[in-house]
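Over in TrEMBL, the protein carries these features:
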REGION    1-190  region 'Disordered'
COMPBIAS  18-30  compositional bias 'Basic and acidic residues'
COMPBIAS  37-50  compositional bias 'Basic and acidic residues'
COMPBIAS  52-62  compositional bias 'Polar residues'
COMPBIAS  71-80  compositional bias 'Polar residues'
COMPBIAS  86-113  compositional bias 'Basic and acidic residues'
COMPBIAS  124-190  compositional bias 'Basic and acidic residues'
REGION    203-223  region 'Disordered'
DOMAIN    292-392  domain 'Helitron helicase-like'
Amino acid sequence: MSDAERARLRRANMSSSQRERTRLKNAERQRLRRTQRKAEEVEGDRERNRLSHQAQRSLRTQVTREHECEQQVSRLSLQTEADCAALRERDTEARALRRSQQTKDERTEEREANAVVQATRRSQQTDDERHVERDADRERHTNAREQQSDESRDAQRERDRERREIRRALQTEGEREEERERVREPRRTTRHRDVLANHEDFRPSMVTGPNVDEENRRHRPSPTTVCAHCNAWKWPGESKVGCCLEGKVRLSSLAPAPAKLPQLYGDPEFRKHEQALPPSDWEEGHPAVFAPGSPRQMYQSYQDSMAIVREYGKPDIFDTMTCNPTWEEIKEKITDPNQTAQDRPDIVARVWQQKLVAHLKDLDESVLGRVAARIYVVEFQKRGLQHAHILVILADEDKPPHATDH
């Protein structure tokens, strides 16, 4: 009888408790063996295991994968809460032991390698796969929280608290300051989550919000509402008192024009004499007001922009946003088939303002990198369509690399 057959017969005659003790003993022996190996041996084993797993995954069919997933789900469903807690405790102790034996450089290299692996995996995913993965993770976390009892939840919080205290006690002052900086960095932006470190890695899936079209990842203003006092329609982002001051302003209906007026304006001779009269001869004088767009106001804005550049440095991104008269929001509000976007500048201006605010919000939420400062100006084309020029100054850690940096 061969050694393999004798080992198989011995395992078949074991009781469940003996089998469990043997499994734990073998696992402990393997952990000790791994801790005694050199770094080169560990990396070699990992590379061989990775190649072996890739070869095995390439040979498996979709039916085999689904069957293995069903087996794993059924196996996890048979585990009790005590078994899961014991398994988590063993894994936590093993990770803590491995981290305690690592040097600072090894931990940094491992973090960088994990970041590269995660970035590569995300770049290979499609938007649908990413959404499916997020939904599955969210559902798994929700189910795990619902199945937890109050005692297990309190115990887990206590374990996490003790683990954090032990980790902080083992940290040096430099490591503690690095961790504070990592936590502080995302809070410098309005989005409290991981952000892209370079605008070249921008993906449309980064555009988020309650009114984002899932098909083309574009912002779409919310449905309009109707004023209860004057029946004027408006978007939710507009002022509630911008139409009638909530019923305080009521305009009487316009009186019909005299019958002679349309006749005069239809006479070319009358219109020629009217246009020859300069407006200064009949307009009433008013005090001078420096409205937006005046030379004084433009010079003030220029000085403010130069002060921003002097403080934060030269801009890194030149962004241009142009109004599109074929936006669906504009076409939906123009119900008259004889009218175009040029005939309704009120609708175009309001839709443009909604889109511009959403675009600036995306920039502030770091879809192109953490923003230190931004400057923008809105210009009007001759045919009445707006476009904005936006200068973005990124934070130092998100600035695009230049040839002089190397």
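Cβ atoms are placed via backbone N, Cα and C, with glycine included.
Note: the compositional bias 'Basic and acidic residues' (18-30) comprises 13 helix, 0 strand, 0 coil (DSSP; helix = H, G, I, strand = E, B).
Mean pLDDT for the domain 'Helitron helicase-like' (292-392) in this predicted model: 87. Residues in the compositional bias 'Basic and acidic residues' (86-113) partition by DSSP class (helix H, G, I; strand E, B; coil) as 25 helix, 0 strand, 3 coil. The domain 'Helitron helicase-like' (292-392): residue composition by secondary structure is 47 helix, 23 strand, 31 coil, according to DSSP.
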